[in-house]
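**Q** Starting off with a structure, shown below.
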């Protein structure tokens, strides 16, 4: 018994409505996964007369198209002529003539013979007026002989709601005619840039999840079985169909002259050129200003004032550098330097997302800065008054808290001398700092106006980063008091822990990181007892001051972290992806699925059968065992895509931000509070990495900006 073959025909949807009566040449890819499985990916069809009259010839066009495809696809399959497809009238005449003839085809034709009339040849193929170069081009790259003859159903709409379903009249598989095969016709919509494409999974989903449960043996053996379909290659070929068609049209279809263009496209082109010149000039002006400041700062970078300012306003300095580099680099990111993106829609979409991510972040940041900056500029006086009142109230709260701790807070009996000493130190520091800021209060109005102007021109992230540094600077006395009291508290805790180990006869071994037994002397026990008692009795007094200043300092740090996370979210948010996901969800595919439209028997293989056959409705149950196994079964389905949700689009960009906050803040803060350590600073750790400074001649930078914008309009 002969092995039954399986053939999958991937057919473009737009070709179903093609009403041409003459035969057409089918171009695409043959993908073979196993000796019993063949995938035929049809990219497009072209009129035979148009191809024969094209210059250069067909072999050069095929070679050019194949060389333009991705390297992965070139290794798996070659772009070639797949065969012919005929109209309903031509196919009926062919079947009428070959109805009583023996279906036989020699290997001589399959290997690309240029003769149309030979002995023992396939009658249906020879009746078609095929130029020998077409058949030769089909085998120019792949080495093995594959050729198909397709024909269409009646143009009337069938039960599945699809016009003109293609059928395989016969197929030459590795040089041999094959009649015992099942056909799966898969109708797909040709991917195009800016509309949709296909993808088996979204980025990152192909990684296997770590599981603690071991898979059964039969699961591991199942993965070792050979694949029945090269789905990765097929999807890659489908995503390259539009590029292959454009390459063919470049050689075959004559270009229109400028006089044939309508008024509206010409108006768009002229407007694009004017807008590109304006934006290039505006960006070059910013470039000149940034280069001037960069030269001046490099000259002053070794002075102590510059170093001190850079350390005090570190977060603001990092954000300003990031913003300046984004302004400098946006034309470079708009350059289409990835050549492989031109041959595959999926690659082109990913490259476009990468190109447009920087300028979209820059635009949104500046819009947010203007939304916040203009109201802040007009309400500077009222905001300054509210800020001064808040600072006065916060200082009064700190004084009241220190006085309360010097008494009996919450009924606790504290050591009066130690509480008085810690309280007086705290009150003096708070009073001195409040007096200094009272004298500097007249400049608050100018500071707020400066923040507003900085937000209008540089975006929201620049003044937000400056606010973080100003909060740290204005609360320097609190962080200093917290550091001093935490130092006393941590030393007291460590001393009590060491004395407790002394009473238990244990000693910490720093080399082995463990507790070892140790024999202490009587004098050591006496000294330990004398030290342990006062330290233990003074611990509540130190603890209440430490807890109070820890709560205040932690609250201030959390406010700074909130600003830091906001800045990082603004930098990390993929605005262009969110917008395109709302407008064109087809640009974010995640997996494919097949909608079964119908099933029938391929009667075109049997010469004595009827040519037109009614298709079974998809609502009826489909059972493979109901097929007549002497005939070829035809399954018709439509290829669809699943799409990523907005949450899945955003989540990979936010993962690093929130993981940095969780890993660097929450766990370390909780542990640090218990042992008396300060909260670790995460300022600047969540921001994008800095890019090197770029320095180009002004004319070269203007040309770069202009060409980048023109490329986008093109």
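Cβ coordinates are placed from backbone N, Cα and C, and glycine is handled just like the others.
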**Q** Among the residue ranges 297-319, 320-342, 481-503, I'd like the one that TrEMBL describes as transmembrane segment.
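**A** Here TrEMBL associates transmembrane segment with the stretch 481-503.
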**Q** Could you tell me which of the ranges 176-200, 201-225, 226-250, 451-475 is annotated in TrEMBL as transmembrane segment?
**A** 451-475
**Q** Quick one: sort out which of 121-147, 148-174, 418-444 is the transmembrane segment according to TrEMBL.
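**A** When 121-147, 148-174, 418-444 are checked in TrEMBL, transmembrane segment belongs to 418-444.
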**Q** Examine the ranges 85-105, 358-378, 589-609 and name the one recorded by TrEMBL as transmembrane segment.
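**A** Going through 85-105, 358-378, 589-609 one by one, TrEMBL flags 358-378 as transmembrane segment.
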**Q** Among 56-81, 524-549, 628-653, 654-679, find the range that TrEMBL records as transmembrane segment.
**A** 524-549
**Q** Are the transmembrane segment (555-580) and the transmembrane segment (524-549) close enough that 3 or more Cβ pairs fall under 8 Å, when only pairs 6 or more apart in sequence count?
**A** no
**Q** Six or more residues out from either end of the transmembrane segment (481-503), which same-chain residues have a Cβ under 8 Å from its Cβ atoms?
**A** 422, 425-426, 429, 515, 520, 524-525, 528, 531-532, 535-536, 538-539, 542-543, 545-546, 549-550, 552-553, 675-678
**Q** Are there 3 or more C-beta pairs under 8 Å linking the transmembrane segment (451-475) with the transmembrane segment (358-378), counting only pairs at least 6 apart in sequence?
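**A** Touching, yes - the transmembrane segment (358-378) and the transmembrane segment (451-475) meet the threshold of 3 or more Cβ pairs under 8 Å.
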**Q** Where else in the chain does the transmembrane segment (451-475) make close Cβ contacts, counting only residues six or more beyond its ends and a cut-off under 8 Å?
**A** 312-316, 318-320, 322-323, 362, 365-366, 368-374, 376-377, 380, 391, 437, 553, 556, 559-560, 563-564, 566-567, 570-571, 683
